[in-house]
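Data first, discussion second: the structure below is written as structure tokens.
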């Protein structure tokens, strides 16, 4: 049975009116499986905030699963930042961040399954400035371009209202492309459009069966149109805002059969009212200008820019051939072969197969931060998994990635913006904790300088907590260039043993044939600043932060055999707990771990920097 979906335009915080209408439609034509909202979801004015907040905080109930794009409006940053910090929302969440019961925020750009339907979306408005809410980024657009390369047919595409593609469709439908004037478009329609061409390009690439958007007070359902290089047709539905003065339609019901369950014959069916693509005329009309532009950029009419995501960020310059071909690196082949304007790098292809980020390979850095689903360090052959798809190594198999099904969330104690605190599995001692980056990074020293403030807060809170129990806490990290997910170990020890720590580390170092560099600092932050100057792209190091502000540092040479569990083994020797040097010898059942975590949380709560 085909899913039954309700579509809505700009909500503008008017949830009472929206769900009253949903209830009415449900009684006459329901039930419905989900509600998809496009345009501005949050209120325009603080006057509407009380009504809106009642739903977010549980005073009023949202009757069915509701998804929205358009992360802007009054109080949007407050509620969405709060949702982002929820442990259930950490990581790569294409299927929506849960804001409250039955309400999901579709952030950025992506694709997710919904009752068998394939739904793609681009949330927010185009902007050159970097904002956390309200705008989409080039990375979001890149993600959709990659999705367009997949063979799967997209059933629904949700976008922000009133962008250039809508204007194009409206002009075509009202005869403007045949010589009529723009004034021939009905009153209000031409005022509801903008000039963002990005959506126009994406719609042509993605070729969705339904394109849904708001139109600032205008309801418009265009006749189906054909797609270039695809047998199926596209229907455009523009929806008005909830409670609009002109009483234009703001809610619409559809029941599309998922394309994945349809035969090729069913997919190719066209209606008697099907028209040509509205892009055809405009592409022909602008061809001379585009041709000149592409000639200057040394790019032919074929869309080579689709295979190099950085092409949309900068024009062709000398050295453009140093950029790698996204299609080749991601899939191992490129339809343009030797004619491709970008480099076919076999080594990069191998790294991509091991889950390394394309932007990291192509530019040496990635701007996605915790939203990136790929590794940001080069992987050797030992890290390769024969059945692993690009990126899956990080999100699906890493024990410490919050987006991974393997992460043991019951061990998590506190979550911040850049770091989270968890108790160790198979702890050396009681209250043995780990401070871990939310982002998949090889060491805490490779994190941004801004995140150091949060890390220092976690360290200071653990020190204060341990001091209340007459203990000191020892921090250490093995920052390896071949590391996976960074973890800064925090092990409490009795204050009476604090004076012995440095000597024990030095004795262990002598047995391995090296000497620590020791430096003393007045504060944790000063010590961390020093450590960040010591990490380099091709080097690894081990460091320990011991009592009295001393840091013990050892640069590990590439061919040096350095024990991965060195820090834990040293501490086990200090505490006469040799059997616990291997974490597997001190494991607990999940039920035991949950009790341990709850007990620790109750004791640590007053020190938790995120409470």
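The backbone N, Cα and C atoms fix where each Cβ goes, and this holds for glycine too.
On a predicted model such as this, the values are computed, not experimentally measured, just so you know.
When the ranges 261-289, 290-318, 319-347, 406-434 are checked against TrEMBL, the one recorded as zinc finger is 319-347. TrEMBL assigns the feature zinc finger to residues 351-379, out of the candidate ranges 206-234, 351-379, 438-466. Looking at the domain 'C3H1-type' (319-347) alone, the prediction's average pLDDT is 67.
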